[in-house]
Amino acid sequence: MGDFNLALVIVAVVVCVLVLLVNVYLLVNYQHPDDVNQAYFPKLVVVLGLSVAAISILMLPADVANRQACQHAIYNGACTLTLPMKALWLVVYIADAVLVFLVIPFAMFYYEGDQDKSIGKRLKSALLWVLTSAVVCGLVLGILYGLVGKVDFTVRHLSSSASSFPSSWSTFSSSQPCIGSTNRLCDAYGAPASSETTWTMRTSFPEYVVALATIVGSVLFTIFGGVGIACLPLGLIFSFIRRPKAVITRSQYIKEATELGKKAKELKKAIEALHQEERSGSKGRKWRKNVKSVEKELFLLEDDMKALEEMYPQGEQAETLWALTVLGYMGKLVLGVIGLIVSVAWVAHIVIYLLITPPISPFLNEVFIKLDSVWGLLGTAAFAIFCFYLLLAVIAGEMMLGLKLVFITIHPMKWGGTLMNSFLFNVGLILLCSISVIQFCSTAFAYYSQATAAQEIFGHTLQSLRGIKYLYKYNVFQYGFVFLAIITLFCYAAFGWKKIKPSGRFQLSS
């Protein structure tokens, strides 16, 4: 197994380096021009957060591969594992929690601070906000851990009577597995229900922090992921359906550009009025609602401007730009169809393997195992794709609900136009939901990832934690995920083809 261990370590190091390089590339190409050559601390947090999220998802396939070092051992403790996965899981998820609840809020408070203030005052203000939040979170965690930080394992006391060692094995069969002819069932399997008891023990504080972070992430994952698993592929497909069919004339372009210019002037007046209210100190609930409305109107206006540029390409390479636009929409159609297949497979797997007891079939578990038998990393790659797809669904769901609901602030990710506060918000959302994605995947693919360190943390400790174990016992998150996915599918199929139009409604007091 020495060659296997060495290969696993090399792959782990190479993957970590590649993840870091890819995240730097995404940061450089997605950042807004206003953030070029500045905001270095938020950028460092973004790269670190994305790397932790990506590595945490890839750790589950690594955990499965790591367990193969003991595949010839009689029991798991009879050999030395290549990687200390349980310790690595705890380190990664404690880092995840620190980034989500401390570092990212600090970076956002600092970045969004009053630019007229000095750097020292902005640091002081951000630090005060974060310290206050940390003290409150620490007190809540400490109290909860002291009161209910225990796990309740249901165990059964099994015993069997002693018999003489048989001299022949010919009498044993599937219908007669035990010694003696009077009892066709072994004594241990025939134990009464009264032999069940509850074994209580206190969990470690790091595991408890991971568990609570998983609960918070599971709520967000259920809402955003359930909506996104349907709207992500359908959004790509309907984008192809709503695509510009032909290049418009110059007169049509001037007419549409004039209308967009009028909308831009209205938005400018609204923004100026909001700035005046902010200076006067009247930043109440109505003001915040108007700010979010203006943000959404501006987001939709930018989309309209982009669509107009696509319908009337200009310059010496206008024909090339139009050809690339057509190819881009065809690519969206292909990705949408592939995504729809993955979404249907996910929902079907949840219903077949998790919601029906006993499971009808291992379904995707068997698919991954068979792919591994074809080529060692094929099943692992497919497994990683399914996990990453859930994270993409979470982002798509957040964007969709952000455009529909007033109380959710949208933070769009645009190529060459993403501000650092939007970057930090989405990284925080990805980090928070990545814990839940791993827990969800370790449960959904329990057959494929059996006997791993992730199973020990997420499959036993988390699902036996006092106070929250019933959420997992009765599959609350899985039912919510499937319910929202089905509702979103019908709503999007009925109304998703319609393009969202700016409302143009603001309740400005001035």
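Placed from the backbone N, Cα and C atoms, the Cβ positions cover glycine too.
As recorded in TrEMBL, the features of this protein are as follows:
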type	residues	note
TRANSMEM	6-28	transmembrane segment
TRANSMEM	40-60	transmembrane segment
TRANSMEM	90-111	transmembrane segment
TRANSMEM	123-148	transmembrane segment
TRANSMEM	208-241	transmembrane segment
COILED	250-311	coiled coil
TRANSMEM	333-356	transmembrane segment
TRANSMEM	376-403	transmembrane segment
TRANSMEM	423-448	transmembrane segment
TRANSMEM	476-495	transmembrane segment
* Top stretch among 40-60, 90-111, 123-148, 208-241, 376-403 for CB pairs under 8 A with the transmembrane segment (476-495)? -> 208-241
* Asked: Apart from its near flanks, which chain residues at least 6 from the ends of the transmembrane segment (40-60) lie with a Cβ under 8 angstroms of it?
  -> 15-16, 19-20, 22-24, 26-27, 31, 85, 88-89, 92-93, 95-96, 99, 103-104, 107-108, 110-111, 383-384, 387-388, 391, 420, 423-424, 427-428, 430-431, 434-435, 437-438, 441-442, 449, 452, 454
* To do: Take every residue in the coiled coil (250-311), average their pLDDT values, and give the whole-number result.
  => 81
* With Cβ distances under 8 Å as the criterion, find the stretch in 6-28, 90-111, 208-241, 376-403 that has the most pairs with the transmembrane segment (423-448). => 208-241
* Maximum Cβ pairs under 8 Å to the transmembrane segment (333-356) - stretch from the list 123-148, 208-241, 376-403 -> 208-241
